[in-house]
Amino acid sequence: MRPLESLPLALALLISASDTLARAAPRAPRELHVPLVRRAPAQRTAEEWGLWAKEQKNVLEVKYGGAQTQKRASGMNLIVNQNADSSYYGSIAIGTPATAYNVILDTGSSDLWLADSACTAGCNQITTFNPDSSSSFNNLTTAFSIKYGSGEASGVLGTDTVQMAGFQVNQQVFGVCSVVSSGLLTNPVSGLLGLAWQAISSSGATPFWQNLYEKNAWDQPVMAFQLTRFQNLTNVAALEPGGTFTMGNVNTSLYTGNIDYQNIPISTPTYWTLPLTNITVGSSSVTLPSGSSSYAAIDTGTTLVGGPAAQIAALFNLIPNSVAGTGNYEGYYIYRAWFPPAGKFVY
């Protein structure tokens, strides 16, 4: 088997304006699409939007704020756009007999976990996983915990049969969490599916997608998202189509031109990183640091674009009338959006 750094795996992201055993169900070709769904937020006051913004910044800082990478916590799946583009979830099936669960699809983390049926606080009105209801579940009796900016989840590790978009992994390791911080999960989401690399897995387990790839279950070594956008629209329904998540291929009807594949610039993959070569606003550019300090992570689990304070300040210095946020908006920059700046990120 080749070392991970030489594996030709690609992750494509498309934005729309509107013994572990892995196998694919008998069919051709070996690709499937997972539908995504969007869930719109309830109407918020200005103060509530401020608290939401502060929480999203905290989440981003927990993931990427450290000096070192911290362990953290083809098929198509239609996905749901949740909370005005803040997250997207899809459906997986776990256990024998298989039971469906909605999970956040997060390319910025690597662990799969579900709320346990023994969970009370933080798990109200959501579908939970009952280990006793699955004949194929095996409790590994190993403690598991994962932290986010908005809370944490903890429990034990177990193995079971996990299915998604026509693909299946037997004895997939995942977390069964009996303790979940209040507000970390909201109905109808039951957990999270990490889609980054094993190197940052809190459990140390091989992620679901990586098991499929290493067992050659896909036609092509590709995962792709097509995501809808509703952030600036009014009268949005509580649930909206979120796009698709595809494993094993890409849907050529969703884009034009050719995909520009980039090598992951580090020897042991962690996040889905790309070298950021330039940031421009109009005809002006931001001076970027050299080497790994200019790497950018593609993360479906956050709404934000974040970066080193000096470079972000330099970026907004190029945008007329932009100001640094205060209070709950500390760490953000604010500008009038009637004439959005012509900004460009070049990879």
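Yeah, the Cβs are placed from backbone N, Cα and C, and that goes for glycine too.
Note that the structure is a prediction, hence the values are computed from the model and not measured.
Summarising the annotation, TrEMBL assigns signal peptide to 1-24.
Marked as domain 'Peptidase A1' by TrEMBL: 88-347.
Residues or ranges marked as active site in TrEMBL: D106 (among others). Residues near D106 (active site) in space but far in sequence (CB under 8 A, at least 6 apart, same chain), listed by position: S87, L192, L193, G194, L195, A196, D299, T300, G301.
Under the heading disulfide bond, TrEMBL lists C119-C123. Cβ neighbour count for C123 (disulfide bond) (all protein chains, 10 Å cutoff from its Cβ): 23.
Secondary structure from DSSP puts D299 (active site) in coil. When Cβ atoms from all protein chains are considered, those within 10 Å of D299 (active site) total 23, not counting its own. Among the features that TrEMBL reports, active site is placed at D299 (among others).
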According to DSSP, collapsed to three classes, what secondary structure does C123 (disulfide bond) have?
coil
Roughly where does the domain 'Peptidase A1' (88-347) sit in mean pLDDT, to the nearest integer?
90
